[in-house]
Amino acid sequence: MGSGWSSEEERQPLLGPGLGPAPGAAWRSRGEAAAAAVVLPAAAPSPGRVYGRRWLVLLLFSLLGFVQGLVWNTWGPIQNSARQAYGFSSWDIALLVLWGPIGFMPCFAFMWLLDKRGLRITVLLTSFLMVLGTGLRCIPISDLMLKRRLIHAGQLLNGLAGPTVMNAAPFLSTTWFSADERATATAIASMLSYLGGACAFLVGPLVVPAPNGTAPLLASENSRAHIKDRIETVLYAEFGVVCLLFSATLAYFPPRPPLPPSVAAASQRLSYRRSFCRLLSNLRFLMIALAYAIPLGVFAGWSGVLDLILTPVHVSQVDAGWIGFWSIVGGCVVGIAMARFADFIRGMLKLILLLLFSGATLSSTWFTLTCLNSITHLPLTTVTLYASCILLGVFLNSSIPIFFELFVETVYPVPEGITCGVVTFLSNMFMGVLLFFLTFYHTELSWFNWCLPGSCLLSLLLILCFRESYDRLYLDVVVSV
């Protein structure tokens, strides 16, 4: 399997003699791998061993992703208060959010670092960037112009941490977890970043009061000072949590366990250059990558302007925020549940994605037709809008860890970080294209609603035509026998 793409050195396993398959078995065809498994000595010990500390590693990485998402979405839920306290313009608020996708521009550098130097170095660099970013936002300066620049710089540094926390989850799960726990670990590590962004809708408004535009001048000045103090309380708290996580990862975050948990974890991967050649020449990977990138990119852009989309149907900004919050929370819960199911019933990733995107297509069509109630005469109520939007978010967000696992299975032995980095970069690219069009057609957003069911239906067709394979799972199940 893939022997034409790898050198002799790359085909050597990390395990020593007697601890795993014969050299080169990971890259042979399935028939040859099965034959190699048959001739293994009966007394050879199993190459898989898991350690209890794997849950601590997963916890640290997941908390890092949670805080990164929380810091990224600090300003959106309190944008009116931030405008009054720091003099932010609408462009400033938009740019503070865009630093997250912009931070994905050097994602290939982080993928190279993960491939060459391993998980510990990459995570330490990521957490250090977050420390610098959150620290810059806390520097006490009276000059508002300089303060705004420091805040922007801090958000950019936090955005640079995005490629690791969003892409390294499958790498971590393969390195530390057995084959029957990998999907669950991937779901927990990848979903916590989204959950952090959702929790910002709770933390910010609960701590920072909204401005009072009708107050007298003196009261307005006092209110501005009070709002600024409360915002700085949030900034200092986030800085403290990031420093604590950085100290914890510095104290204990091993790059790998003493013994690998599976045959796949013990085998060498393709080189960085060969990995890109494999990905770009694999039509099945390109098909499933588009099935992920297009609808998730459209949904991300759509979620960013959800309050504007719902304004014509008389839904307030607060209600739009709650819809976004519950759709992300529901997606995280369902995504972890689906991943656990995938661990119990192996080889069902395509079927799970078909079910999820069938639901996403129906719910997005329901929402779009509801917004056109003057033509369709469907009931337009708060309940129907909440239900359709939340269901759409649940179906799409919960598909992310399932997609990640399917990507890795499809192109194994390409390293997990490189595989997921490419598809996440594609998703951000589609979101950027949509946001570019929105700058020209922001006055009329009804066309954007039709992009959702269209992208979900296209993804559903691509998944339906996709021929799944489980090369990594096959290696673990057959070769380790």
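Placed from the backbone N, Cα and C atoms, the Cβ positions cover glycine too.
Quantities reported herein were computed from a predicted structural model and do not represent experimental measurements.
The feature transmembrane segment is assigned by TrEMBL to 55-72 (among others).
Residues annotated as transmembrane segment in TrEMBL: 93-113 (among others). Residues 72-76, 79, 82-83, 121-122, 125-126, 151-152, 155-156, 158-164, 166-167, 272, 304, 415, 417-418, 421, 424-425, 428, 431-432, 435 of the same chain, all 6+ positions outside the transmembrane segment (93-113), place their C-beta atoms under 8 angstroms from a C-beta of that stretch.
If you look up TrEMBL, you'll see 119-139 (among others) marked as transmembrane segment. Below 8 angstroms of C-beta separation, residues 60-61, 64, 67-68, 71, 110, 113, 147, 150-151, 153-158, 160-161, 164-165, 168, 171-172, 175, 232, 235-236, 238-239, 242-243, 245-246, 249-250, 253-256 of the same chain, each at least six residues beyond the ends of the transmembrane segment (119-139), sit close to that stretch.
The transmembrane segment feature in TrEMBL is assigned to 187-208 (among others).
The feature transmembrane segment is assigned by TrEMBL to 234-253 (among others). Under 8 Å from some Cβ of the transmembrane segment (234-253) lie the Cβ atoms of residues 56-57, 60, 63-64, 67, 70-71, 74, 119-120, 123-124, 127-128, 130-131, 134-135, 137-138, 203-204, 207-208, all in the same chain and six or more residues away from its ends.
For the transmembrane segment (283-302), same-chain residues at least 6 beyond its ends with a Cβ under 8 Å from one of its own Cβ atoms are 309, 353, 357, 360, 392-393, 396, 399-400, 403, 406-407, 410-411, 419, 422-423, 426-431, 433-435, 438, 448-449, 451-452, 455-456, 458-459, 462-463, 465-467, 469. Summarising the annotation, TrEMBL assigns transmembrane segment to 283-302 (among others).
According to TrEMBL, the feature transmembrane segment maps to 322-339 (among others).
The transmembrane segment annotation in TrEMBL covers 351-369 (among others). Counting same-chain residues at least six beyond the ends of the transmembrane segment (351-369), those with a Cβ under 8 angstroms from any Cβ of the stretch are 291, 295, 338, 341-342, 376, 378, 384-385, 388-389, 391-392, 395-396, 398-399, 402-403, 406, 449-450, 452-453, 456-457, 459-460, 463-464.
The transmembrane segment annotation in TrEMBL covers 385-408 (among others). Only residues 6 or more beyond the boundaries of the transmembrane segment (385-408), in the same chain, are considered here, and those with a CB under 8 A from a CB of the stretch are 169-170, 174, 182-183, 186-187, 190-191, 194, 285, 288-289, 291-292, 295-296, 299, 303, 306, 310, 313, 315, 323-324, 326-328, 330-332, 334-339, 342, 349-350, 352-353, 356-357, 359-360, 363-364, 366-367, 370, 414, 416, 419-420, 423, 452, 456, 468, 472.
According to TrEMBL, the transmembrane segment annotation covers 420-441 (among others).
Annotation comment: TrEMBL describes 447-466 (among others) as transmembrane segment.
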